[in-house]
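Taken from TrEMBL, the feature disulfide bond applies to Cys181-Cys204. Annotated transmembrane segment per TrEMBL: 49-70, 90-108, 120-142, 243-267, in sequence order.
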Amino acid sequence: MSVVQQPKDLQRRVVVAQRLQKQSFQFTVVWALGRMETKPVITFLKTLLIVYSFVFWITGVILLAVGVWGKFMIGPYISLIAENTTNAPYVLIGTGTVIIVFGLFGCFATCRGSPWMLKLYVMFLSLVFLAELVAGISGFVFRHEIKGTFLRTYTDAVLNYDAEDEKSLAVDNVQSSLRCCGVNNYTSWLGSVYYPANGFPLSCCSNSSDCSPQDLRNTTINHTKVYQQGCYELVTSFLETNMAIIAGVTFGIAFSQLIGMLLACCLSRIITANQYEMV
């Protein structure tokens, strides 16, 4: 009886072994096909993310340039609005520098294909997104507060002009660069503490070659030597336009970070799920 059962047990074990071998082979084939299907997806995402990281780096250079431009172009006018100064140009300079560094890190993380580095890159992008969002919002808020604040502070700077302090030098800078005089017009200077003894400041001269300090003190002819248009409308228009450019560029670049975050998250998840790292 036992002799008869031994061949049957052996035969049964052989059948089970053959089934296990067949299932193992099928699993290997499916796994290999899965990797073959996943690899093109990873390569595609990798290519997109490398291109995005390069563009991201370029936007860092752009933000840095816009921040420096805003600092030097708007700086003299910002000094006249001390009550509500904006940090937008400085935020752009700092953010642009950080983006340049993070953009290089993004290229390295993508080429390496390491999930933890890609997750770290997503965190960096989210921080940059928040910083740019704050800068853009502050730019737009400041842009809408310009008119009321500037009218008050510029009028005060003109009335208390002494040709020496920071605000007085800023007034000279505004008048000479924008070719204007006074707040609404040149008559704004008539009530200043500077006018009775000195007349109009030299920055009001419409023609520097035919405009002497003596002429500016002469109440008979001094009004013919200066710009007739006031600076208020010119400055507010200039500031609104340039702050709108800075805020618009910042918002556009900020929301582009969402694309990079999505690509990096997808690539990291696919690599993690398939236990596959690119070299």
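Cβ from N, Cα, C; glycine included.
Around the Cβ of Cys181 (disulfide bond), a 10 Å sphere holds 27 further Cβ atoms from the protein chains shown. Summarising the environment of Cys204 (disulfide bond), the number of other Cβ atoms within 10 Å of its Cβ, over all protein chains shown, is 25.
Within the chain carrying the transmembrane segment (90-108), a Cβ under 8 angstroms from the stretch's Cβ atoms is held by residues 49-50, 52-54, 56-68, 70-71, 117, 121, 124-125, 128, 131-132, 134-135, 138, 246, 250, 260, 264, all 6 or more beyond its ends.
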